[in-house]
Amino acid sequence: MPREKVKRGRRATEKANKEASKRKRDDAPEDVVPKRVKPSDDETNDFGAQTGDMPFYGLLDPEEQEYFSRANEVLETNQFGDAEERRVFVESVYKEAEGKELKISCSQSCSRLMEKLISMSDIHQIRRLFSKFIGHFLHLVQHRFASHCCETLFIHAAPGVSQKPSKKASKTEAEEGDEPEPELSLAEMFMKVIEELEGNWGYLLTERFASHTIRVLLLVLAGEPVDLSLSDSVVASRKKERHGVLNEVQDENPVAQKRSVPESFEGTLKKIMQDMVSVLDDTYLRALATHPVGNPVLQVLVYLELSHFGKASAKDPKSIIRRLIPDDTFEEGTESTVFIRGLLYDPVGSRLLETIVRYMPGKLFKGLYKNFLRDQLRSLSRNITAGYVVLKVLERLGKDDLENAVELLVPQIPNLIERSRVIVPKTLVERCIVRGVDTTPIARSLETAYDSDPAKRLSQMLTLEDTTTTSEPQQQNQAQDQDDHQQPPAIPDFGPDNANANINTNPKGAKLHNSLFVQTILTAPGPLSALVYSSLLSQTPESLLTIAKDPTASHVIQKSLTLPTSTPQFRRQFAVRFTGHLEELALDSSGSRVVDALWHATKDVFFVKERMAQELARSEMALRDSFVGRAVWRNWSMDLYKRRRGEWAAKAKGLDVGGEGGQKPKSRIELARERFAAKAAESEKKKNGEDA
């Protein structure tokens, strides 16, 4: 008889039991409670604090996504006839988005539309949208896409915090059937946001997305400017995209100005700042200084404490600046010097140190400079990261200390120029001009740093030669630079430090910095600017054309023709070098600006300007066929030159005072109206006198 296959049967039985149990689990009813979403890296902060479950607000339908995508394209092009047409379109998008605001804000494809929509909204639309977000801010500020919408909302709501809601407007909208105005004012809405975020400041400091919004919120409460496009903004990096109307004038931009805020904001701001740092001990607070996410928030806290609450706050032992820098003697080996030394060479921490140096009280800064930074100024200026701290130090020095700093840094200038690090020499020249310090030692140092031949000197200063490859001596200098200072032992090999090194060795970046350095030199009177002026006069016509058509280097020629340090003798000799090449320059995007500068440079040499106008008139057809050529034709008033030569000559000689001052000259009919109005006012005054 064949043997019973027990093994196979046992395995088959076990398999059948497993499948049966699996079917039972599949047939079991689902839980009423929704499943927890697995937390991603974005839902926990860098210190591991759990931020809770992110609510799901739903998805947009395909038709809705298509509509909002088209609306985004319309707002992106911004080709509206007038402001009223844009307002009507924005209002129609708001009506379509009613009830879907949270979905749009959390949508990867449509959150950018919400940002543009907010930036083009009036204060009533912002208040209505703000009221829809209330109750959800704790989750929205931590969302990858919605956090940007919250940030934009805070920025554009800031100018209206001092306004009260209009009951008349609310009643009118109710009669017209529009969405009614919310009862809360913007100031009260901001207080609601504070209530929602209360108790969570500790981990929001280092939350990847919320930290940006928290920084904006702090500045709104303080009444400080919240414009992200400002070069010295502490809110966001300069890469941050700016939405809104492109032709908005900076002076008319309310987010770029300081604002008056309700009195309750100041007390709330103090409490928030205390709550943020009270849960951290001193060691943990100093660790934030080198934290990539926490550092920018700490910068804002230090900035507000030192600039908004006055110098007295720096004396409080519980203040942030005192907890970071407890000793004001800055003796070697103290907590303060150890902390500052660690920040100097750290690519993240040095940003905080720049803010501290810029806003710390004068007495505290003098102690820091004289007891710690002054002796290290040379080695700090050679370092890529610490060099930016040196810039802030130079900006705060008085005349006597600046003269001493010039003596310390002048021997380092040739070494810095060889390594294409001209930011320190550039700032040194700027501060010498402001403080009235003699720049002759800097001029002598530059003479040794560059070639003695004036023609070659300018080529070296503007890096017009091929700099696509880094020479072996430069690589040796860069390697040697790492040993020029005592760095802390733990310096990461990633992040902004490497980025700074790449910028430093980037030929385009070096060329831009060198051009700015030469332009700064031109603003200094005396032998320093004479180095550049003599080099310009030594150039051949071919090299001048090359410089004039270079997008970066051409600014040097423009400045040399228009700055106050440019003498009439130099302009008379230099301007004639471009005759015979005006058509070529006028048809070039960079060269056309040089031709525009020649108009102002030849105001005291009329015969040169007239000869240039004749040359441009001979090239009329070519100039009119070119966009930049038409701009040159207009800026030189060539139509006036062809039709009314006498008026053009008066304008060319600077006799047209109204046009020279930047104001449009009044026409004859306007002058006649003014005379008529003056006579009418005089007769009215006489009549009133007779009646009396």
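Cβ from N, Cα, C; glycine included.
Since the structure is predicted, the reported quantities are computational estimates derived from the model, not experimental observations.
What Swiss-Prot records for 1-53 (among others) is region 'Disordered'.
Sequence annotations record features per position, and here Swiss-Prot assigns compositional bias 'Basic residues' to 1-10.
Sequence annotations record features per position, and here Swiss-Prot assigns compositional bias 'Basic and acidic residues' to 11-41.
Annotation source Swiss-Prot lists repeat 'Pumilio 1' at 96-131. Predicted-model confidence for the repeat 'Pumilio 1' (96-131) is 92, expressed as mean pLDDT.
The feature repeat 'Pumilio 2' is assigned by Swiss-Prot to 132-168.
Residues annotated as region 'Disordered' in Swiss-Prot: 163-182 (among others).
The repeat 'Pumilio 3' annotation in Swiss-Prot covers 196-231. Helix, strand and coil counts under DSSP for the repeat 'Pumilio 3' (196-231) come to 19 helix, 0 strand, 17 coil.
Annotation source Swiss-Prot lists repeat 'Pumilio 4' at 335-370.
Taken from Swiss-Prot, the feature repeat 'Pumilio 5' covers 371-407. Counting residues of the repeat 'Pumilio 5' (371-407) by DSSP class, helix then strand then coil, yields 32 helix, 0 strand, 5 coil.
The feature region 'Disordered' is assigned by Swiss-Prot to 466-507 (among others).
As annotated by Swiss-Prot, repeat 'Pumilio 6' applies to 535-575. If one looks beyond the repeat 'Pumilio 6' (535-575) by at least 6 residues along the same chain, the residues whose Cβ comes under 8 Å of a Cβ in the stretch are 453-455, 457-459, 461-462, 464, 511-512, 515, 518-519, 522-525, 529, 581, 584-585, 588-591, 593-594, 597-598, 600-602, 604-605, 608, 612.
What Swiss-Prot lists as repeat 'Pumilio 7' is 577-614. Long-range neighbours of the repeat 'Pumilio 7' (577-614) within the same chain, counting only residues 6 or more positions beyond its ends whose Cβ lies under 8 Å from a Cβ of the stretch, are 539, 541, 544-545, 548-551, 554, 557-558, 561-562, 566, 568, 571, 622-623, 626, 628-629, 631-632, 635-636, 638, 641, 648-649, 652-654.
The stretch from 96-131, 132-168, 335-370, 371-407 that makes the most Cβ contacts under 8 Å with the repeat 'Pumilio 3' (196-231) is 132-168.
Residues 57-60, 64-65, 67-69, 71-72, 75-76, 86-87, 90, 140, 143, 145-146, 148-150, 152-153, 156-157, 159-160, 163, 165, 169, 179, 181-182, 184-186, 189, 243-245 of the same chain lie 6 or more positions beyond the ends of the repeat 'Pumilio 1' (96-131) yet place their CB under 8 Å from a CB of it. Residues 42-43, 51-52, 54-55, 101-102, 105-108, 111, 114-115, 118-119, 121, 123, 126, 181-187, 189-190, 192-193, 196-197, 200, 204, 207, 209-210, 212-214, 216-217, 220, 226-228, 243, 254-255, 259-262, 265 of the same chain lie 6 or more positions beyond the ends of the repeat 'Pumilio 2' (132-168) yet place their CB under 8 Å from a CB of it.
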